[in-house]
Amino acid sequence: MNNQGKNIIVWAVIFVFVILLFNVFQSDGLLSSKNNISFSEFLTKVDEKTVNSVKIQGRIIEGTSNDGSSFSTYAPDYPDLVNRLNNNDVNIEVVPPETRMNTFLSFLISWFPMLLLIGVWVFFMRQMHGGGKAMGFGKSKAKLLSDKGPKITFKDVAGIDEAKDELTEIVDFLRDPSKFQKLGGKIPKGCLLIGPPGTGKTLLAKAIAGEANVPFFSISGSDFVEMFVGVGASRVRDMFEQGKRNAPCIIFIDEIDAVGRHRGIGMGGGNDEREQTLNQMLVEMDGFEANEGVVIIAATNRPDVLDNALLRPGRFDRQITVSNPDIDGREKILQVHLKKVKYSTKIVPRIIARGTPGFSGAELANLVNEATLIAARRNKKEVEMHDLEEAKDKVMMGVERRSMIMSDEQKKLTAYHEGGHALVGLYCLASDPIHKATIIPRGRALGMVMRLPENDRFSMPRDKMEADIAVAMAGRVAEEIIFGKEKVTSGASSDIKMATRMAKAMVTDWGLSDKVGPVYHGSASEDMYTNRNSSSDRSESTSELIDEEVKKIVTTGYDLAKDILTKHLDQLHILAKALIEYETLSGQQIKNLLSSRQLDSEEENNFPFGAASSTIKIAEEKDLKKAKPIKAKKEDKS
């Protein structure tokens, strides 16, 4: 039973005890039901002279008969009672009314609010600090991983082999330190896992816990600092003391950026408390006292905000980058997650891996789970390839909103908008191949053209950037050509935003503007935590020049898209008409449609396709017999 359940039982027992105590006191002040007689019967006995003596206590009368039996009764307001008793020779004893009950009630009424507040405060303090030690604010919240339950090992980790090898060495050191110490090697004091969200940093830590036969403590960076001053530093000290007592051991700090940010940034007591906590952590990790056998493993997706003193060797000796997996890594990750579900032997993980560039391990796990839910919803006995393809489209493009009712005019406008994207993407050879075009609303978009690269891309060439900007502007251009400038809509807002950001990065980050030159100007968002590279460092003339160059690049892409769509207006009409009729077209179907001006009967009977291979390069001259592909224009250097 957990601590919360035990606390509830304790308070329930206390409540029942108070109720019983109240009843005991109450019963003492009430008339006993033993030998109780009515007041009329009592008067009759008095008149018959069978009553020997009575004791009057308020309204309660207790008496003794001549035969020695006792009785009791409750008297109403009867002024002549004493005279009647005297006339019948009854011995009378009068005592004051019982005041014990009133005193107890008065005590409860006066002290109950204060006792209630104290009880609530103690209860919450016990909840905050582990069910005991009500004054143990400074105790560490690090949890020792239990041996119970299924263990995660390195076999469950795939796609990040380099990071796994680095951490395997640490596990081997903890298991057999003599192997390394005989050459004079020392165990690394700390290891920092760096990478975007979902790449498997926490999973690696769990795998280390499953592999290493040493105590494993886990804590979050946000668990150190709370509302009381000095609590964070105290918890850091207690955590390392706990580690020393269990050495050799591993302490895992997740999201260390919550406590390890740059010092001296910001103002206020909360910030001072965080800095005090960080200072204590720096001392404990590499101070005068040795922490032999205590290995710190931390994870963060914001290494840029961490304090430099925390990152130096001697504290975090190793910084391991856990990046998104490549195509081979994605295939291995899919195989790991597919083992946990019932799937068809016809599934080819390599095809799904090829169509999910940039996916993290968490996103691939979610994709497999979505495919499983889709198969279960359709009462299938196993997950099939089509379910994975549909789940991929759902994750990448959003959920289909088929219930959304679109007017014919809106549907036509969306078809030409998406057709413009697809056609320009088809003719810009530097652009990624088209995976799918649809006018079915998905997420917040009324339609979408999905393009996927043939292979993993680790850098982006300039001609692809220019092609992507042209493809982004093609939707707005298609609306202007078909419906006129006065009829254009706000549907291109996200496209314009994407094109502007790309152009700005070309000028300020990548030095691709001849006028601005290969100078890094950075973005204003970088000064959030570091106060470096702020846009305010630029001169006014430089900012104006950057704006001019950004506008020039976007306008060049706009002109390229307009040139392509104007020359191939007939193909735009064909593509838009097919989108209106079938709603969804794969890249291969668009290729066949524009090369032969018709669809094969087999394709026509299977609309809409769930997905098509994203590895088909569709902008080829032999496939487009009536149109010559146009390459993206280079930026005017004048």
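One-based numbering along the chain as shown.
Glycine too: its Cβ is placed from the backbone N, Cα and C atoms.
Summarising the annotation, Swiss-Prot assigns topological domain 'Cytoplasmic' to 1-4 (among others).
The transmembrane segment annotation in Swiss-Prot covers 5-25 (among others).
Annotation comment: Swiss-Prot describes 26-103 as topological domain 'Periplasmic'.
According to Swiss-Prot, the feature transmembrane segment maps to 104-124 (among others), an assignment based on sequence analysis.
Taken from Swiss-Prot, the feature topological domain 'Cytoplasmic' covers 125-638 (among others).
Under the heading ATP binding site, Swiss-Prot lists GLY195, PRO196, PRO197, GLY198, THR199, GLY200, LYS201, THR202, citing sequence analysis as support. Note: GLY195 (ATP binding site) has non-local neighbours LYS201, ASN301, THR321, VAL322, SER323, ASN324, i.e. same-chain residues 6+ apart with C-beta under 8 A of its own C-beta.
Sequence annotations record features per position, and here Swiss-Prot assigns Zn(2+) binding site to HIS417, HIS421, ASP495 based on sequence analysis. Counting only same-chain residues at least 6 apart in sequence, those with a Cβ under 8 Å from the Cβ of HIS417 (Zn(2+) binding site) are GLY447, GLY475, ARG476, ALA478, GLU479, GLY491, ALA492. Under the three-state DSSP scheme, HIS417 (Zn(2+) binding site) falls in the helix class.
Positions annotated as region 'Disordered' by Swiss-Prot: 523-544.
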Using CB atoms and a 10 A radius, I'd like the single residue among the binding-site residues PRO196, PRO197, GLY198, GLY200 with the highest neighbour count.
GLY200
Not counting HIS417, HIS421, ASP495, residues with a CB within 8 A of the CB centroid of the Zn(2+) site are GLU418, GLY420, GLY447, VAL449, VAL471, ALA472, ALA474, GLY475, ARG476, ALA478, GLY491, ALA492
Restricting to the topological domain 'Cytoplasmic' (1-4), what is the model's mean pLDDT?
55
Enumerate the residues of the same chain, GLY195, PRO196, PRO197, GLY198, THR199, GLY200, LYS201, THR202 excluded, that satisfy the criterion Cβ within 8 A of the mean position of the Cβ atoms of the recorded ATP site; list them in sequence order.
LEU193, ALA299, ASN301, VAL322, SER360, GLY361, ALA362
Across all the protein chains here, work out how many other Cβ atoms are within 10 Å of the Cβ of ASP495 (Zn(2+) binding site).
18
In three-state DSSP terms, the structure that PRO196 (ATP binding site) belongs to:
coil
GLY198 (ATP binding site) and ASP495 (Zn(2+) binding site), compared by Cα position, are separated in whole Å by 27
Between ASP495 (Zn(2+) binding site) and THR199 (ATP binding site), what C-alpha distance do you get in Å?
28
